[in-house]
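Sharing a structure, written as structure tokens. Questions coming.
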Amino acid sequence: MKCDPSIAKLINNELSRQETHLELIASENFASKAVMEAQGSVLTNKYAEGLPNKRYYGGCEYVDGVEQLAIDRAKNLFGANWANVQPHSGAQANFAVFLSLLKPGDTIMGMDLSHGGHLTHGSPVNVSGKWFKTCHYEVDKKTEMLDMDAIRKKAIENQPKLIICGFSAYPRKIDFKAFRSIADEVNAYLLADIAHIAGLVASGLHPSPIPYCDVVTTTTHKTLRGPRGGLILSKDKEIGKKLDKAVFPGTQGGPLEHVIAAKAVAFKEASAPEFKIYSQKVISNAKVLSNQLQKRGISIVSKGTDNHIVLLDLRSIGMTGKVADQLVSDIKITANKNTVPFDPESPFVTSGLRLGSAALTTRGFNEQAFGDVGNVIADRLLNPNDEDIKEKSINKVSELCNKFPLYSENI
């Protein structure tokens, strides 16, 4: 990028950071070169308001083909009857659902943010918590898992118009069939936000919400390993028509066809047999990481994981998430502080550290390597003031990064 050396330098610095750090943020992954090539294509030049073959601009014959291919691949990948690939993000996808199915003042019920939910599921700082009445369900205090009987009771008490089942920090499987039963009992719509587990659902390694939910939203990165973006799915074409209008002109203008092309590439990659093998490794690697940390005396929320998320409860070692986040950052491990169920600390401090296995699995990290990662993290957290251990940890991180390079060729 000779025309802008300042930006070129920052991009190269970011590439170097990704190559030399262990990426354990659960919401991040590494897109393939093919996905990035599509996103960096000339499709970025084309405005295409509307849907394929129903545009407000001329010259859309080729972007129509791109978007229709993305739609068809998404439907086939998830077994849906309808799909909209235009949402710019998962939050935009959720907002489109709210606009199409709800009126301001209606009640929505989602998982409490501090228990693993998401901002867009009714948090008071988000538009979902400002435009709608909200109520939230929590995990059981003893098991730290969803208690469907308690959720049913909460739904009956509050009579929500929409129930959301989904999370940003819940490491266990979701019983979509049980949620459907509750939604039917209170005559509510059911929305599944599978942003974190979409790749596992696509691989058949997590139960699919499509047969049970009125609408399904997701991001296209995370475990799906595509570009940053959103996606809406449904088994109901009539609801789909409402959702199309809610996306455009309801909440967005022109779609990002270069990103949609990258989504199409990612959907094709996710339909390959190799992707299921990858997803199996994502889960097995997360289990190894969880088990290793527990062996070292660090508590894990719900005592394990069924997906890519490993949530550390640092109260077990007398540490806050804020401190732990900085400690692992100092040895080139990227994670994020996170609330845990019934957390006494503020969201700016927290008692937890959230880890995810998807990105390092993309790099080729195997179970042995994830065991090593668990030991490096434990060494650092259990010996925060030991400079010798800190130095050894940095060296081990460097060794692992060299053993499992991010990209095998220049990008």
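Sequential numbering from 1, following the chain as shown.
The backbone N, Cα and C atoms fix where each Cβ goes, glycine too.
So Swiss-Prot says this about it:
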| type | residues | note |
| --- | --- | --- |
| BINDING | Leu113, Gly117, His118, Leu119, Ser346, Pro347, Phe348 | (6S)-5,6,7,8-tetrahydrofolate binding site |
| MOD_RES | Lys222 | N6-(pyridoxal phosphate)lysine |
| SITE | His221 | site 'Plays an important role in substrate specificity' |
Rounded to the nearest Å, what's the C-alpha distance separating Leu119 ((6S)-5,6,7,8-tetrahydrofolate binding site) and the residue listed as 'N6-(pyridoxal phosphate)lysine'? Just drop the number here, would you?
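Cα to Cα, Leu119 ((6S)-5,6,7,8-tetrahydrofolate binding site) and the residue listed as 'N6-(pyridoxal phosphate)lysine' are separated by 17 Å.
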Far apart in sequence but close in space: which same-chain residues, 6 or more away, have a Cβ under 8 Å from Gly117 ((6S)-5,6,7,8-tetrahydrofolate binding site)?
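Those within reach of Gly117 ((6S)-5,6,7,8-tetrahydrofolate binding site), by Cβ under 8 Å and sequence separation of 6 or more, are Gly110, Met111, Ser123, His136, Gly166, Phe167, Ser168.
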Least buried of the recorded positions His118, His221, Lys222, going by other Cβ atoms within 10 Å?
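Counting other Cβ atoms within 10 Å of each of the recorded positions His118, His221, Lys222 gives the minimum at His118.
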Between Leu113 ((6S)-5,6,7,8-tetrahydrofolate binding site) and Lys222 (N6-(pyridoxal phosphate)lysine), find the distance joining the two CA atoms and give it rounded to the nearest Å.
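That separation, Cα to Cα, works out to 19 Å.
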Cα-Cα separation of Pro347 ((6S)-5,6,7,8-tetrahydrofolate binding site) and the residue listed as 'N6-(pyridoxal phosphate)lysine', in Å?
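Each residue's Cα considered, Pro347 ((6S)-5,6,7,8-tetrahydrofolate binding site) and the residue listed as 'N6-(pyridoxal phosphate)lysine' end up 22 Å apart.
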Please find, for Leu113, Gly117, His118, Leu119, Ser346, Pro347, Phe348 as listed binding (6S)-5,6,7,8-tetrahydrofolate, the greatest distance between any two Cα atoms, in Å.
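So the binding residues stretch over 16 Å, Cα to Cα.
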Could you tell me which of these binding-site residues, Leu113, Leu119, has the greatest number of Cβ atoms within 10 Å of its own Cβ?
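Result for the most crowded candidate: Leu113.
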Using DSSP with the three-state reduction, classify Leu119 ((6S)-5,6,7,8-tetrahydrofolate binding site) as helix, strand or coil.
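For Leu119 ((6S)-5,6,7,8-tetrahydrofolate binding site) - judged by DSSP and reduced to three states - the answer is helix.
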If you count Cβ atoms within 10 Å of each one, which of the binding-site residues Ser346, Pro347, Phe348 comes out on top?
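The largest 10 Å Cβ neighbour count belongs to Pro347.
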